[in-house]
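Written out below as structure tokens is the structure these notes cover.
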């Protein structure tokens, strides 16, 4: 019995890979002949907020409603179960169900990136396979950080190499030091960029020098750098980033797609003017007020925000007024 279980488990990545390859063809995603699968990540990806009911259960009807509204915005795709999705507060079953729900509702030409990073390598591999089976195109894998003192370059390279080897879908590294206290070392990024199944990184640290160096040092690889915040999106594009995974896109998706377009067209003055108006609202829904602020702002723009899961607390009336003032002062309300 134990052998049968191990054998079935060993087959799961291969079976999921076959399923992913078939669905990839249906969505018209290119796989160059004679090379590893490669996905174009250029564009804007909102890291979706997970909607909860007043009783703090995942509200799938409201999730589908938000997805219908996002369908009219020219996003490259969506990120599910990132930091803004309250990923640590979801049970494993809920994580898979949310990805399945989004995949069913997502237009077939949009990419679905799903967070699958866990503290152990084994758990990360298992969840990554589950995300592929649920319909994810790419796994977004955050750095393990509980034992951050032991997360050396060698340990992290080994972790991500094992995940990349076992994953039936491409992997994007995820460095978010504000949440993890751990910046994925540059040496690790350069080494991992050579892995055929690791296709990029979402870097939320905001160090533009570091991002430019990543782009420079990985130019010969099939590897793309994604900005992890709208506050430094223009600067990231200026040093060669491919796109952005931006919390603010949950609220101001069209303006962020416009900023992406202006940068690609070389219309830098218009891009700067728009970037300036996005900096303070972005700070407000990230570092300043966090997910409660993001969800409150979503409600002002026609989306369902709703409550966060405890222990995240709602904003106070004074904080709500400060948040509204930030959006108003920059011409968004």
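Cβ coordinates come from backbone N, Cα and C, glycine included.
For reference, TrEMBL has these:
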type	residues	note
ACT_SITE	174	active site, proton donor/acceptor
ACT_SITE	202	active site, schiff-base intermediate with substrate
BINDING	245	pyruvate binding site
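The Cβ of the residue listed as 'active site, proton donor/acceptor' lies under 8 Å from the Cβ of 82, 115, 117, 140, 141, 142, 143, 201, 202, 204, each on the same chain and at least six residues away in sequence. Sequence-distant contacts of the residue listed as 'pyruvate binding site', defined by Cβ-Cβ distance under 8 angstroms and a gap of at least six in the same chain, are 45, 46, 47, 79, 82, 113, 202, 226, 227, 228. All protein chains included, residue 202 (active site, schiff-base intermediate with substrate) registers 27 other Cβ atoms within 10 Å of its own Cβ.
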